[in-house]
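**Student:** Encoded as structure tokens, here's the structure I'll be asking about.
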Amino acid sequence: MVGYDPEAKCVSTAEAAAAGSASGLVTRVLVSPLDVLKIRFQLQIEQLSSRNPTAKYHSILQAVQCIFREEGLTAFWKGHVPAQFLSIGFGAVQFMAFEGLTELVHNVTSFNARDSFVHLVCGGLAACTATVAVQPVDTLRTRFAAQGEPKIYPNLRHAVVTMYQTEGPRTFYRGLTPTLVAIFPYAGLQFFFYNILQQFSKWVIPAEAKNGANVKNLVCGSCAGVISKSLTYPLDVVKKRLQVGGFEHARAAFGQVRTYGGLLDCMRQIMREEGPGGFFKGLSPSLLKAACSTGLIFFWYELFCSLLCAMKSPENTKRKEG
């Protein structure tokens, strides 16, 4: 059901937007702790190892215990309000754009809207559109998740006003270049592999029981998320480093801080000081998050679309009239 299907089209672009935003909302609540862990790992300059005495975090379990002890349980949902705005907005724009683009391809070109290559290109373009729309919220989310105690920004309004007054409007688009560079292949590969895995599952289990469809969607989405995240992860690290530029004072309690002059300067500094491994800091929680979030996004999106189709089915309409 992901993408335009001329043989079974029952979801409009507006309904796709609603299903996408709802799937983003539910998924964000469940994966927020993993997102906080990933961001903390990505922003740490020191090596993620217990053999490094200056490193604040050096494993997932240790980081969970440390954050819980120092900041409490709610720390795992730091930045949750802007993160929810991000998920709802991104999900709505991404799936609405994806449905529209795949339909456009089907109507004005000779390509089949169900081809994996079409999903690769349309998925990347849809994600870029959504990224530009929600980038300011993503920057806010990153800063809230990155700050320790005492907090620099007590609430969302204070953060927006302070950032605008002290750093200017461009600060809300910090890290946009690496984000766009990374999001096109990442999202494109998500839709690409999800489509391939769905086709493969139909070949492996041709007589699939209807009740198993939701589990299949979850598994295919999770695998697609892990593969795409592994291939594009270094640019995500660079993006996070750039997004906290000008926010170094809030990172003092976490260890060393760095100032970067842009995308290339950030990549050079990471390579020089942290080596190739620096581009993969936080990969473990990130892959765990990618598996959960991508699987759940596609799971909930397909489920909500199915519910919308069922509500519009002739049988359901007759029951309402009767």
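Yeah, the Cβs are placed from backbone N, Cα and C, and that goes for glycine too.
Residues or ranges marked as repeat 'Solcar' by TrEMBL: 11-104, 114-200, 212-307. Annotation source TrEMBL lists transmembrane segment at 287-310.
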**Student:** State the non-local partners of the transmembrane segment (287-310) in its own chain: residues 6+ outside its ends, Cβ under 8 Å from one of its Cβ atoms.
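**Tutor:** Residues packing against the transmembrane segment (287-310) from afar: 1-2, 10-11, 15-16, 18-20, 22-24, 26-27, 30-31, 34-35, 38, 91, 95, 190, 194, 213-214, 217-226, 228-230, 316.
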**Student:** Just to be sure I understand, if DSSP states are collapsed into helix, strand and coil, how many residues of the repeat 'Solcar' (11-104) fall in each?
**Tutor:** 73 helix, 0 strand, 21 coil
